[in-house]
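Trainee: Mind looking over this structure? Questions follow.
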Amino acid sequence: MSNKQVSGVFKATGDLLQILGESRFVVLAYTNAARTIDGLEQDINEVASAGALRDLPRVGEAIAEKIQTLLDTGSLPYYDELARQVPEGVVAMLQVPDVGPKTVQRLWRELDITSVEALKTSAEEGRLRGLKGFGAKTEERILKSIELLSSRSDDRTPIGSSRPLAESLLTGLKAACGEGVVERISVVGSLRRWRETTGEIRLLAVSSLAEQTLKAFMSLPQVAEVVQSNADAATVSLVDGPPATLKVVEQSQWGTALCRATGSPDHLAALDEKAKDMGWQLGESGLYALAANPVSGNGSVSRSEAGGDQRFFDSEESLYEFMGLQWVPPELREGGGEMEAASDRSLPKLVSHGEIQGEVHGHTTWSDGKSSVAEMAEAARSRGYRYWAVTDHSVGLGVTRGVDAEALLEQRREVDAVNDSYAARGIDFRLIQGTEVEVLGDGELGLPDAVLAVLDVVVASIHSGLRQDRQRITERCLKAIHNPFVDILGHPTGRLLGRRSPSEIDLEKILSACADTGTAVEINANPERLDLSAEHARLASGLGCSVVINSDAHSIGQLDLLRYGVHTARRAWLRTEDILNARPLDELLALLKRNRSGRSLK
């Protein structure tokens, strides 16, 4: 079993315990174990084989035994026992965004609601108001959440799950085929465009041994069943994930096939129209002459069976060039004006991962992170960063231990010690100290201004009260934005992809205020958030906001999530100069709302 699967079982066990009214401490034993396993850098099976389960943080002897049982047998009898005590429909209510175990428990015990459908009916009929603390707005919110659940397409998988799976298929296929068999291969479709969700995994490959390549693909360990196959393509269902398709083409067809397989439908429709205007038809493998057509430009030419010219392209760049277009990065191929820009060669030079010089939002063991300040610093440096900000949660966030003024003073000494160590070794890397300060229910902050003023950077975020009405949560956020010591607004809408809808915040008003006050806005790269979205990041940039891209890493491995944020920024048409943390540290600090140089907690 994978870390994700084991973590899911323990999270589900904690949910059942909470629904059944177990004590907070018993529930936490399982939910904490789930978080620990989910954040592990090492495979949980390797940890168990080494006899080191008890060495994991927040894993006691009883939990370790249950982890071992789950790994050995594939099931957890304790979970099965709990599940028999709760109707399936009650458990299903946990799928409704923003409806947690405590709410489900009350709905079941106090109103005898045992399914999502019954919950919907009760909300429509105003019967939820019989519960203390529930009112008309609560019913409206629950109905919206049920609508969100219903609108989710069951065959759409978040990119944070589908992209790594696609890459594992790609890597596994090349290894299974042996050196040189797969000459070229790429993820295509919506995954190549880095959309937030995908309906299927699609791969495109070049190989002169198509039969061998397809056979290897259909035999990969991730494959559960072969759905269909022919001479040049195969579709399979996977053990865990959406269906996957591999298509094999010839090298001469690669450019056109890659373009068509990438999409989007709107982009391809515009390309089709452009080709027709030039007297060509854009096919699956090349361009086909519609009428007598002078041959010119790049590409190889042959005669079709009908006697007309065909033109093949071994790269996308040569296809676009032949059509008189600037090559369009996959992230922009959504029918959002990219064809017009490509025609007059005015597409922007998009930000790239290698241009990010550091991050200004990340966590350590001082709050809910899993690695120390020194460990996170070294991990950031090893990834090529020039700087990294320690921004642990402030006090005021109820779900985790927060850092107060006294702790920040102690943490500053640790940060300074790490910096001194790098300086002594002549290493050009610097830690800076900040906080992710909690925006409280009334817009006040979790730390006083006197403390915020002496930090290097302050990220303000909302983690609770996300279901406040539009006016209240907007005013709350505006109050934080207008604080002179708030430099960055973190994950502004509070959404969790597929799990929690965005807050009802007036985002355009918020982004305008950020632009007016010089408050930067964050693209939170965690694929569960991607907040701001590409659409909202483009709006923010258009309104004049500075943007930062952060992984919001709570462990070393999560630093690698930054790529999701970079591709979201690219989908938003953002350039290097639009991204604050694509600048050297001195420039970044100077461009924050308030330059805090010369101040210290010492």
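In case you wondered, yes, glycine gets a Cβ from its N, Cα and C as well.
Those TrEMBL annotations? Automatic predictions, nothing curated.
Taken from TrEMBL, the feature domain 'DNA-directed DNA polymerase X' covers 1-334. The domain 'Helix-hairpin-helix DNA-binding motif class 1' annotation in TrEMBL covers 51-70, 91-110, 126-145. Sequence annotations record features per position, and here TrEMBL assigns domain 'Polymerase/histidinol phosphatase N-terminal' to 358-441.
Help me see these features in their spatial surroundings.
Mentor: For the domain 'Helix-hairpin-helix DNA-binding motif class 1' (51-70), the residues of the chain that approach it from at least six positions outside its boundaries are 1, 6, 9-10, 29-30, 32-33, 35-37, 40, 44, 76-78, 370, judged by C-beta separation under 8 angstroms.
Listed by sequence, the residues of this chain that lie at least six past the ends of the domain 'Helix-hairpin-helix DNA-binding motif class 1' (91-110) yet keep a Cβ under 8 A from its Cβ atoms are 14-16, 18-21, 83, 116, 119, 122, 128, 130-131, 141-142, 145-146, 148-149, 466-467, 496, 498-501.
For the domain 'Helix-hairpin-helix DNA-binding motif class 1' (126-145), the number of residues in each DSSP class (helix H, G, I; strand E, B; coil) is 14 helix, 0 strand, 6 coil.
Counting residues per DSSP class in helix, strand and coil order gives 30 helix, 20 strand, 34 coil for the domain 'Polymerase/histidinol phosphatase N-terminal' (358-441).
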Trainee: If we skip the immediate neighbours and take only residues 6+ beyond the ends of the domain 'Helix-hairpin-helix DNA-binding motif class 1' (126-145), which ones have a Cβ under 8 Å from one of its Cβ atoms?
Mentor: 96-99, 106-107, 110-111, 119-120, 467, 469, 501
Trainee: Along the domain 'Helix-hairpin-helix DNA-binding motif class 1' (51-70), what average pLDDT does this model show?
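Mentor: Residues in the domain 'Helix-hairpin-helix DNA-binding motif class 1' (51-70) carry a mean pLDDT of 92 in this prediction.
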